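Let me begin by presenting the structure, written as structure tokens, before commenting on it.
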Amino acid sequence: MSDIDRIIAELQRFTWPDYVVFVAMFILCIFIGIYFGFMKKSLNEADYLMGGRNMLILPIALSLVASFISGITLLGLPTEVYSFGIQYTYVGMGVIAMGFVMGIFYLPVFHDLNITSTYEYLESRFDRRLRMFGSVMFAIMNIGYLPIVIYVPALAFNQVTGVAVHTITPIVCVICVFYTSLGGLKAVVWTDVVQIISMLGALVLVAIKGTLDIGGFKEVFTSAWQSTRIEAPDLSVDPTIRHTLWSQLIGGVIYWTQTNAVSQNMIQRYLSLPSLSSARWALAIFCLGVLILMALCAYNGLLIYATYKGCDPLTTKLAKAKDQLLPLFVMNTLGEYPGLTGLFIAGVFSAALSSLSTCLNSMSAVVLEDFVKPFVSTPLSAKAINWIMRSVVVGVGALCVSLVYVVEHMGTVLQLTMSLEAITNGPLFGIFTIGLLMPWINGNSALTGGIFGVMAMSWISLNAQWAIASGAIKYETKPLTVEHCNYDYGETLLDLNHNFTISRAGKEDIFPLYRISYMWYTALGALITILMSGVCGCVFGSNDPRKVDPTLLAPSIRKFFCYTENKFNAKSLNIDIPMKKYAISDDVAL
């Protein structure tokens, strides 16, 4: 047995107290599902999908944080900071800006329309074709994203226990499908509350114990400063640089607004609150919670570097995958204390479960509202609706388990799936933005722009991912070394920059758009969609903005058009016609 295998075997100290803590979290989630599924009154469609639209602010806000911070973020962000420094964390400015943009422009419209699926808006503003386009894009993105959500924490579980990925993933998926299908949105939200507490506790525990072991905060920040992992924002305007102030602020606010404001996964929770002011409070708490969790993840990345700065475990293959770096650190730090490793792994799976249950519940809403109801001639019975909603959860959950095999056996699928998110997110955000802010653009132009945006982003992002996978595009990490390792890593030693070094020689040979930072992808997709839709207006014509229902426009846009019951501008004709009053929101009325 090699030194590496021996060390890994010694570190796999997942004892019975760890299993007790780990299993207890799942049992609690199951009981929450049973409670809302059986012990409460029978769930109708509004209860199952929207929580009766009378949910409480704090649970919804915590659920939003838990859903957004997936296991990918929990394990990936520390590795990002360990390898590249804190440049990514400046995206926090984009998160704050997103809160204002969403609260002012997007949230008032969706909340006042009293819809279940956000893609219903596209039919009201444009036509049914746009609604189907949005729903199909959402379904593709979710089905590609779900296997990664569950696969990444399974890797962490494998690192600390040695249990195979395909042993744990079906169990986790079955549990998640069980409580989601039983209890609907309320079960999802309250399990998210339990899971965010577990997640936060795990991160804090690792940070405190690791800091004490390394000799205090001073040692952590000194090591980070000397290795330039702590640095000011990069002010370069070069869009090919991976992270700059502008990509994190401008690209970040567009990415986060798309994900939070127009994605069914997130907006469904905001719409379950009784008023716009409640939704805005939940948004503010969400932004604060995300910033806190991101800061903890980033600090753990600096802590990992301070611990392993003399012997990089990614180079020596002590951690066989990048997402196993934090679990390796946890085993070193908490392994000697029974139950604490179990608490950490429970936190990682909590992040995965919250994202998975959210996606399953949202998929049931979209399938019912967008793929079934518009195509049936008679109203569905309550029994049929319940059967459809729960069947979607079970079916998509089973598909998720199956696709984990694809993710494992085809390494590039991880990169390709993340590319799928970029392909769909930008064009969808562009179409929603057109609908809310550009009343003169009609459905034909918006659909053409959206299709063109998807095609363009497919070409750009898939070619970029191929260039990264083939080694043509690489990124340089911060300094790493194996000079002070106290074990034999044999022939495992690779390039100290692993698969992140930059190939300057061939950089000029790569098409410029393939080299653009992934942080610009959503913004680029939205921009292409909006510009193409504008150009198509010359072919398909344009709307009379005065004939667009003002409730479908952002409040800040409505004031530029004077609506009347007869749908024409009284001011421009200089006549006195009583204005129609539209009850828009808590604080806006025309």
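Note: Cβ is positioned from N, Cα and C throughout, glycine not excepted.
Because TrEMBL annotations are produced automatically, they should be read as predictions rather than curated entries.
Copied over from TrEMBL, here are the features:
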type     : residues : note
TRANSMEM : 19-36    : transmembrane segment
TRANSMEM : 56-76    : transmembrane segment
TRANSMEM : 88-109   : transmembrane segment
TRANSMEM : 130-154  : transmembrane segment
TRANSMEM : 160-180  : transmembrane segment
TRANSMEM : 187-208  : transmembrane segment
TRANSMEM : 281-308  : transmembrane segment
TRANSMEM : 387-407  : transmembrane segment
TRANSMEM : 419-441  : transmembrane segment
TRANSMEM : 447-468  : transmembrane segment
TRANSMEM : 518-542  : transmembrane segment
Sequence-remote partners of the transmembrane segment (88-109) [C-beta within less than 8 Å, at least six residues beyond its ends]: 77, 80-81, 121, 233, 243, 245, 248-253, 255-257, 260-262, 270, 276, 279-280, 283-284, 286-287, 290-291, 294-295, 298, 432, 436-437, 519, 551-556, 584-585, 588
Leading stretch by Cβ pairs under 8 Å, where the reference is the transmembrane segment (518-542) and the options are 187-208, 281-308, 387-407, 419-441, 447-468: 419-441
Selected stretch (most C-beta pairs under 8 A with the transmembrane segment (160-180)) from 130-154, 281-308, 387-407, 447-468: 387-407
Chain residues in Cβ proximity to the transmembrane segment (419-441) (below 8 Å; excluding those fewer than six residues from its ends, i.e. six or more beyond): 105-106, 109, 118, 121-122, 125-126, 130, 133-134, 137-138, 140-141, 144-145, 254-255, 257-259, 261-263, 449-451, 453-454, 457-458, 461-462, 464-465, 518, 521-530, 533-534, 537, 542-545, 548, 552-554, 557, 561
Proximity of the transmembrane segment (130-154) to the transmembrane segment (187-208), 3+ C-beta pairs under 8 angstroms: no
Other parts of the chain folded back onto the transmembrane segment (387-407), taken as Cβ under 8 Å at six or more residues beyond its ends: 45, 48-49, 142-143, 146-148, 150-151, 154, 165-166, 169-170, 173-174, 176-177, 180-181, 184, 356, 359-361, 363-365, 367-368, 372, 380, 413-414, 417
Cβ pairs under 8 Å between the transmembrane segment (281-308) and the transmembrane segment (19-36), at least three: no
Sequence-remote partners of the transmembrane segment (187-208) [C-beta within less than 8 Å, at least six residues beyond its ends]: 25, 28-29, 32-33, 35-37, 51, 55, 59-60, 62-63, 65-67, 69, 74, 179-180, 269, 272, 289, 292-293, 296-297, 299-300, 303, 326, 329-330, 333-334, 340, 343-344, 346-348, 350-351, 353-354, 357-358, 361
